[in-house]
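In what follows, a structure is listed as structure tokens, so that the remarks can point back to it.
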Amino acid sequence: KRTGERGERTPLVCEDVSEHGVDSSKGRSSFAAARDSCQALHKKVSKCFYNPFSSDNPENGGGATIVLLINTMIGSGILNQPYVFSQAGIGATLIIYAITAYATWLGLVLLIRAGTKAKSMDLSDLAGYCFGDVGDKLTDIFVAVGNFGALLSYLTVIGGEASEMLGEIGDLSGSDMVKEFGKIQIILPIIVVLFSLPLCLTRLYGHFVMISTISIFSITCVMGLVLFYGPIAGSNYQDEPVVWFNFLGAVEELGSTVFAFACSYAVFHAYNSMDPGSQKGFDKLAGVTVMIGAFMCLVTGLAGYLCFRSHTEGDILDNFTGPAFYFFRLLLIVHLLLYIPLDFVVMRYSFLKLFKLDAADLHWFPYTLVTVALLFVTTFVVVVLYDEGLSEGDAFDYILDFFGGLTGSYLGYILPAISFLYLAKNAEDPWTLFQAKVLLVWGVLVILFVPAYSLYNLIESIL
């Protein structure tokens, strides 16, 4: 309380409240509780506002981690699965799905076990621990290149869908301006700057739970279109014979399936963003993730193929033409725009690690420059592909097959198996060791044959 005459500046005198019958310890504890409550409320409110430069590590539960990994799996690859069925046949594709799904799950489990043994919960750090600087650098290169290929596929679809819709609107309205604006050289950079860039400035993978939820909802609506309207749109083709087994088609399209199921490059990003109490059941969590993702691909692929048979396009939405389907095309664009940041954050992280830089701590100015530069290069390559005369569906299919077979096999099969075998040294049960050896052989076969065959088909189509 203050003492003295009115108008005088007097010192503040503190009295012990216990003199007046009040327990001072209770007062202090009540104040501390109120302060902690305010801090907790401030933290919750702050999370509601998007801060792309935040480097605070999130603490996601098991459900949120499943959402992140499913969205990492179900990107653009799901759109190509009907075409996989049409080229490989139903029987061959089902065999591919069974092998790829199990191999993907096993790769995730072995990576986490190997990382735990090495106490190195980072993909390239794990490779470096096992195989030195060569393993470290090689893994970061594969992650960066693989996610670069993934971004190419997303922007290919986004640019193709947006350009086609604006072209059709221009034809219907007779507006040359709309058609000019719809050229991919114009519309794609605008979309990237307005929508992709702000989200790609996010530093950490674990912050994408909310946008992953919206992204999964969007692609689920597209799945509904294929399931429920596909039989009507493809009614003219359903008398065609069904392809059951085509070996060469299966080899060619295996890369697309590996690409569609791949999420190993993000597994440590997801694992490190989990609440520690949620990490115990990661094997089951990975199993649930792969099962849901594989089921979504299977339903979309089989339904799309049975509707359109030999007329199935590389991007299944290309089978649905006209203004009536613009809403679903927009949903697809939304899905991919919300998907791009997940792969981009992982790509940028590995790219910067090649130069011994950490994306989480890098100053905002060079961090922003690197982000803009990587998006510019990716967009430029997509525009060049279109200028070379490749259609959306063809370019999309070649990208998935090549990058899926090349980087997906190394990151999803070879690295998990060889790291685990190196660290286990026969200390694990024989069955787990046997599975790891089989996974290694499978990965080597995929990386040797699938990219080479895909590249051969691409060169043949250009020449």
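Cβ from N, Cα, C; glycine included.
TrEMBL labels come from automatic prediction, so no person has curated them.
Taken from TrEMBL, the feature domain 'Amino acid transporter transmembrane' applies to 65-459. Per TrEMBL, transmembrane segment is recorded for 61-79, 85-112, 141-162, 182-201, 208-234, 254-273, 285-306, 326-346, 367-386, 398-424, 436-456.
Ranking 61-79, 326-346, 367-386, 436-456 by CB pairs under 8 A with the transmembrane segment (85-112) puts 436-456 at the top. Distant neighbours of the transmembrane segment (141-162): 75-77, 79, 123-124, 182, 184, 187-188, 191-192, 259, 262, 265, 315, 317, 329, 332-333, 336-337, 339-340, 343-344, 346-347, 349-351, 354, 378-379, 381-383, 385-386, 391-392, 395-396, 399-400, 402-403, 406-408, 410-411; these residues of the same chain sit at least 6 beyond its ends, with a Cβ under 8 Å from one of its Cβ atoms. Counted as Cβ pairs under 8 Å, contacts with the transmembrane segment (208-234) are highest for 285-306 among 254-273, 285-306, 398-424. Stretch with the most C-beta contacts under 8 angstroms to the transmembrane segment (61-79), considering only 285-306, 326-346, 367-386, 398-424: 285-306. Contact between the transmembrane segment (398-424) and the transmembrane segment (326-346) does not hold: fewer than three of their C-beta pairs are under 8 Å, each pair 6 or more apart in sequence. As a quick check, the transmembrane segment (285-306) and the transmembrane segment (254-273) clear the bar of 3 or more Cβ pairs under 8 A, pairs 6 or more apart, so the two touch.
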